Amino acid sequence: MGRRFSKRKNAPARKERDPNETYAEVKKENEQMEEYYKAQNIMSDEEWPVFWNHLKVGLPTTFRITGTRSHAVEIRDTVKNAFVPHLSNISVDGTVADPPRPLAWYPDDLGWHYDVPRTLLKKSPEYAKFHQFLVAETEVGNISRQEAVSMIPPLLLDVQPQHWVMDMCAAPGSKTAQIIEMVHANEQHQVVPSGLILANDADYKRSHMLIHQTKRLQSPCLMVTNHDASMMPSLKLAPNKSGEVVPFEFDRVLADVPCSGDATLRKNPMVWTKWTHGGAMGLHQTQVSILQRGVQMLKVGGRIVYSTCSFNPMENEAVVAEMLNRANGSLELVDVSHELPLLKRRPGLSSWKVFTKEGQEVEKFEDVPADAKGKFYPSMWAPKNAGELHLERCLRVYPHLQDTGGFFVAVLKKTAPFVVPNPGRAAAAEAAAEAAEAAAAVTAAGVETPASEDMSEAKDDTQEEGDVATAGDKHKLDSPAAEGTEAAKKPRMSRAERFGAPGPKEEPFLFLDSDNSDVQLFSRFYGLDEKFPKDQFLVRSEGEKNKTVYFVSEAVKSILQSEEIHRLKVVNTGVRTFIRQDSNTPTECSFRVHSEGIALMHQFVSDARVMAVQLKEVITLLQSPYPKISEFPEAIQQRLTDLPTGCCIFEFDPELEENKDEPNPRWEGQGLTGFVKGKLVFPVWKAQVSFNMLLNKQERRSLAMRLGVDCVDAPHVVEGGAKGTAAKAAAAAAAAAAAAEGETEGDAEATGSEDASMTEETEQA
């Protein structure tokens, strides 16, 4: 969701990027940084040269296979069996690369690593084909490009399907996606888990990046919020169906906090030129505040993971030590040395040094010069009881150990209620929160917010646009305030200003009663099972004609129906399950099942609206935009004719395919169904004489590639003529409707693709 620029008349031409331009010209040396970390004694003198030289080498590509267990295994087997065997010993102009390989420590071979020079990608047909596959599966969301070390924190959370989990600083969302997969791990036994994922980010725009990242997983248990993580509000929840009031607390909390990011040198070479001693100073207190709020919202017996992509002990062990001492025995570091046994790591530090921004060591807080006192905190120094805190249980991951980036992780367990060490300060924070809520309420009512309070991009007071981190990266390097720049002279924003972080006004979340006429209509038409919770449907706009109907879990509903929901700024939640389809063809039900909700809904739809099909029917739908009934095998033509006009669900089970053992013409060693091993379901619209597969072009391409067949793109991409015009108009209308419902840009595109296809199909019929 990048920024868009309009093409203005006489606008200056944009500088074209040189395709050969790299970071090679960046001098990968920083004497200050080298001396600083040598002084911290983070490793032995013998190991140091290997570590330091490895920082100067580019980071290899890593990706993670996403989705539910069965679906992820299907994609993994495609990578393993269809591509890897053909990528060994390939040489182009003397350049040879190792084939992709699984990350040794990632469970079930779902994390992958490969390092391929551009020469091979451009000139090797085998690698070009593999790259095309990765791009196609990334577009549809089956593969997520994610740095290897970034995958570690969720794995150490030990998430179970019944857990309530909060990701405090979630954008861009790769870790949140891992958590969603864990909550939905029991896909065969629990359709809608009792667990909850609350993904939060302080920046409104980044929260929408988070929505886009998690969109493919379609979890009714996910909520996306927009708050300063250090001041997440408390709520009194609505009673659940059993009449119990569950406290607004979490079994698991992930605090992957904003940091200086100096462990990202391999992917952010500009860190070499930007690193200074003051980079971490301005972030320390913010990190402590976020971790403390996470501990407060954690259940007794729960686990919280604190992580950064920094080497700096001021952001790592110092923060953890301060929280352990504040907890006064109610928090303990967990020994996770037995978890992820193949992950190479180093123990946390028990001692470290603190320097001024000029590089002078300061042995204790009392020795800080009077004019610099405001930039230091006593908690920056190693506490006297550091040896008793078991800081060696923290994880330090260094790049040279397994060819990764750098990372720090600490796993803590809450053993007793946490008492805030400074009640007065806590009361002041609560008052600031209430003031922010009042300001947000004024904004929501349509009163213009003064410019000084406009927080469309909520940031820590130590973070500025000029920082090293690129868009979509929450890890910042230099704190301008710590460097004495002009930014440091500006008055800091108050906690109350940062707390609200108001973006555009969000549409309300309105639940539909089970006896609502629309709910009754699609429940009757699709024969929804009586056990299905029909009181968990909601809409995002007030009006007589509901356009899109969402479904949420019982846990999400208990939060949305809280009397104090106004305190929580919810940006997005719910899975689109039904969407109203305007059609010229008369139909009993104008609602169709949305492709995003098909995995959830097909288990509750009656057999009357579900049709089992063979591979040849799936291929017909993929290779023909609007196949007529006469194009299908005679054996099912009568059944297709008898189906009422409207939406139905096609179900393809490879195990029932008559000729499944015949060799696949495209995938050597595979049967006729290629790499589609599990049951496949998708929505289809039946007009009077034809059908239309309701999948967008990315989903079509992904499916066709795994089957080993060609396909046509989704009909809405047809250019020119009446159909192309209608398609564009439908896509624009869908995007406008999506925007009115508070959906993301990515969501609008997906809706547009389906709605445009439907418009064309109606015209043809």
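Here the Cβ of each residue, glycine as well, is placed from N, Cα and C on the backbone.
Where the annotation comes from TrEMBL, it is an automatic prediction and has not been curated.
If you check TrEMBL, you get these features:
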| type | residues | note |
| --- | --- | --- |
| COMPBIAS | 1-12 | compositional bias 'Basic residues' |
| REGION | 1-25 | region 'Disordered' |
| COMPBIAS | 13-25 | compositional bias 'Basic and acidic residues' |
| DOMAIN | 51-415 | domain 'SAM-dependent MTase RsmB/NOP-type' |
| BINDING | Cys169, Ala170, Ala171, Pro172, Gly173, Ser174, Lys175, Asp201, Asp228, Asp256 | S-adenosyl-L-methionine binding site |
| ACT_SITE | Cys309 | active site, nucleophile |
| REGION | 447-500 | region 'Disordered' |
| COMPBIAS | 486-500 | compositional bias 'Basic and acidic residues' |
| REGION | 738-765 | region 'Disordered' |
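The recorded positions Cys169, Cys309 differ in how many other CB atoms lie within 10 Å of their CB, and the one with the most is Cys309. Annotation for Gly173 (S-adenosyl-L-methionine binding site): spatial neighbours Ala199, Met209, Leu210, Ile211, His212, Gln213, Thr214, criterion Cβ-Cβ under 8 Å with sequence separation of six or more. Here the C-alpha separation of Asp228 (S-adenosyl-L-methionine binding site) and Cys309 (active site, nucleophile) works out to 20 Å.
A separation of roughly 14 Å, to the nearest angstrom, links the Cα atoms of Lys175 (S-adenosyl-L-methionine binding site) and the residue listed as 'active site, nucleophile'. Residue annotation for S-adenosyl-L-methionine gives Cys169, Ala170, Ala171, Pro172, Gly173, Ser174, Lys175, Asp201, Asp228, Asp256. The furthest Cα pair among them is separated by 20 Å. With respect to their backbone Cα atoms, the residue listed as 'active site, nucleophile' and Ala171 (S-adenosyl-L-methionine binding site) stand 14 Å from each other.
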